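Colleague: Got a structure for you, written out below as structure tokens; questions coming shortly.
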Amino acid sequence: MARAKFERTKPHVNIGTIGHVDHGKTTLTAAITMTLAAQGKAKARNYEDIDAAPEEKARGITINTAHVEYETDSRHYAHVDCPGHADYVKNMITGAAQMDGGILVVSAADGPMPQTREHILLAKQVGVPNLVVFLNKQDMVDDEELLELVELEVRELLTEYGFDGDNIPIVAGSALQAVEALKANPKIAKGDNEWTDKILALMDEVDAYIPEPEREIDKPFLMAVEDVFSISGRGTVATGRIERGKVKVGETVEIVGIRATSSTTVTGVEMFQKTLEEGLAGDNVGLLLRGVKKEDIERGMVIAKPGSITPHTQFEGEVYVLTKEEGGRHTPFFKNYKPQFYVRTTDVTGSIVDYTSDEGETVEMVMPGDRIKMTVELINPIAIEQGMRFAIREGGRTIGAGVVSKILK
């Protein structure tokens, strides 16, 4: 049989498994690929393959992540699974593997544990909009009431962190039983095995509950300025990569950040020395701007659809601080520490006003390897939005990675 080529006919969604260590995230990932492989919609991956996740670098941080892909009748999924807890924290904060939704795995035998709580909090902070729950290890719970109790506990926890705990789909099953059954018979059809059917039921919920993400090209236009030069007789050109949306010749745009916001008209879009009618998300372009002097615009500003983004100086961020081994600091830092915040294309000096723990208590000292919530005050206003990623740098080296969880001012 000839190999079918990859058809981009189905909508694509990025998801991942989250939850406490040893609750069965990787086993579930294996079970999903094996169950869907039995229907010809995935390549079966066993636990060992997924667990030996390769190292990746994102924003100067090493993260172990396994990527698998599979399809359901209606969608194509890219699924990430991390072997270690620290990898999850780094992955979610750096956005190395963007998630449109997550499958929260909770062991029915143990109920929610500290990392269950931490991953739900992180999902909320970094903007993973929707979760579906898999209550794993159902085969180890004989008492139906106990299962209901765990479900209730999970729903309360989700509600506590601002998710729709009452309506989030929860499916109980056993990833291990499904994997064992599929090892014995890789071609199990729907309806032949209660455990693999539960995996299919979970995927039905994921299909139905996790909405399709808005495509980058459909979002409002934004390009971070990387370089600026003047072309005599034509005006000023700002270059950069279009982060989202599209821009056409003749459109009005705003220049945001560092100085007062100004507006101008795009009189030309160029790519590789060729003129275009429009630039699209992902393109590296030069924009010719009417009536803008070279000194009016600099790296670190953004050019965006009018009214779509505003400059700010104060925000709350969820930050992972690099360890010494990762090339971070060797010593802790304290309040009023003044590093550089690298946002999109530029470093801006800022001062850290305070630190807060997950429990909402003030923290005096932050150690390398910590994850912490911090309030940052920048010396210059720049275009910032919720969910935006940034790096914290000191003398040109990255010492932390963060995501904006709330804009204050």
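Heads up, the Cβ atoms here are built off N, Cα and C, so glycines get one too.
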Colleague: Would you please say which range out of 72-75, 136-139, 324-327 has the annotation region 'G4' in Swiss-Prot?
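Modeller: Of the candidate stretches, Swiss-Prot labels 136-139 as region 'G4'.
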Colleague: Among 60-64, 125-129, 195-199, indicate the range for which Swiss-Prot gives the feature region 'G2'.
Modeller: 60-64
Colleague: From the ranges 5-8, 81-84, 309-312, pick the one that Swiss-Prot records as region 'G3'.
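Modeller: Checked against Swiss-Prot: region 'G3' maps to 81-84.
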Colleague: Please find, within the list 19-26, 211-218, the residue stretch that Swiss-Prot describes as region 'G1'.
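Modeller: It is 19-26 that Swiss-Prot describes as region 'G1'.
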Colleague: If we skip the immediate neighbours and take only residues 6+ beyond the ends of the region 'G2' (60-64), which ones have a Cβ under 8 Å from one of its Cβ atoms?
Modeller: 53-54, 82-84, 87, 90-91, 94, 96, 320, 322, 326-327, 391, 397-398, 401
Colleague: Can you grab the distance from Gly19 (GTP binding site) over to Thr26 (Mg(2+) binding site)? Cα atoms, rounded to a whole Å.
Modeller: 10
Colleague: How big is the Cα-to-Cα gap, in Å, between Cys82 (GTP binding site) and Thr26 (Mg(2+) binding site)?
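Modeller: If we compare the Cα positions of Cys82 (GTP binding site) and Thr26 (Mg(2+) binding site), the gap is 8 Å.
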Colleague: In the structure shown, with every protein chain counted, which of the binding-site residues Lys25, His85 has the densest set of Cβ atoms within 10 angstroms of its Cβ?
Modeller: Lys25
